[in-house]
Amino acid sequence: MTKIKVLVADDSAFMRKVISDILTSDPNIEVVARARNGMECLEKVRELQPDVVTLDVEMPILDGLATLERLMVEHPLPVVMLSSLTKEGADATLKALELGAFDFIGKPSGPISLDIHKVGKQLVELVKEAAAAKGRFRHKQIAPIVKAPVKKPLTEPKKKLFQTEKTNEQVLPLKESMGMQHADLTDKSGTKVVFLGTSTGGPRALQTLLTQIPAYFPAPILIVQHMPPGFTKSLAQRLDSMCQITVKEATDGEEVKAGTAYIAPGGYHMEAIQSTGGKIIIKLHQEAPRGGHRPSVDVLFESASKLTHTRQWAVILTGMGADGTTGLRQMKEAHHVVGLIEDQSSCVVFGMPRAAIQAGLADHIVPLDHMAETLVRLVT
């Protein structure tokens, strides 16, 4: 098996060694070079053609963002950012993801960053996923968003096809979708709620999706994006500035409202519960991580399965692993829910969508560019 060639760029000699040691502890990874700054990184990428670059956000001469922007134009390849766990670090990281970074690791804030070993396993997994995505990785910077609402359809589609000409959306037959035989598909009563889970590639996917949701959208959207504390607030603020709907970091005990997207705070699980009056309330807690994740998509989806008198849609976008599949299965066992899963063609990492599709939980398999259109058509 050919080893994955990695270039490590960091202005700290200590961090360059630690990161290199972590990566080379895996027999399938080879660190082919180390760079002290952005210019040196660009030169070594040109010379050595690595498969993946790990890139520190804060570097002299040419910082991480400027280096990343040039890489995406001159030598596009998967880049894993290493960022400090600060407000400034979060903002810079989100910009990096927008520019085309594959994903990021939050650097622990200890004085000599010895805690970086705590995220070593995650870093190795990310580098492997990045290398696997090299051939299909999207390197283009997201174009400026124009706030134009998705047009509400005048009529419902008369029939569903296996492949729709307009959206390339795959619509699976009802009998193949778990739990659909128990659903009353003509029931139009109940509070509408959308639940969404994503991981690697999620910030860019959320930007693509949410900026196309119109202000009149008649349901709240509850979102789990795998991110550490601090980053989710910056993500919500960034998305809110671009979207017609309101996007905010969720707070414990608040009632959800239509036309608002709620992002689970990093470090907290988010659940949807019902008040005695039937209103849907957000509950945040710090119980043990599920499958290594807090927030967890499964925790959110499982809470949705306990709601009554609701009409639900579950969306799973790009991401590593299988978070969301167990929860979506519980949703379908409990009551009718429509599962919208991102198509492989647009995923940065197909792990989470693949798991849901293979489990037979997908009702619609949709490329990201058409997800908003499909969701609006189904929910409105």
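Think of each number as a place in line: the chain as shown, counted from 1.
Quick reminder: no glycine exception, Cβ is built from N, Cα and C everywhere.
Pulled from TrEMBL:
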type     : residues : note
DOMAIN   : 5-122    : domain 'Response regulatory'
MOD_RES  : ASP56    : 4-aspartylphosphate
DOMAIN   : 187-380  : domain 'CheB-type methylesterase'
ACT_SITE : SER199   : active site
ACT_SITE : HIS226   : active site
ACT_SITE : ASP323   : active site
Nearest-integer angstrom distance between the alpha carbons (Cα) of HIS226 (active site) and ASP56 (4-aspartylphosphate): 20
For ASP56 (4-aspartylphosphate): DSSP state (helix, strand, coil): strand
Whole-number Å value for how far SER199 (active site) lies from ASP323 (active site) (Cα to Cα): 9
Neighbour tally for ASP323 (active site), based on other Cβ positions within 10 Å of its Cβ: 29
Proximal but sequence-remote residues of the same chain as SER199 (active site) (Cβ under 8 Å, at least 6 apart): GLN225, HIS226, HIS293, THR318, GLY319, MET320, GLY321, ASP323, VAL349, GLY351, MET352
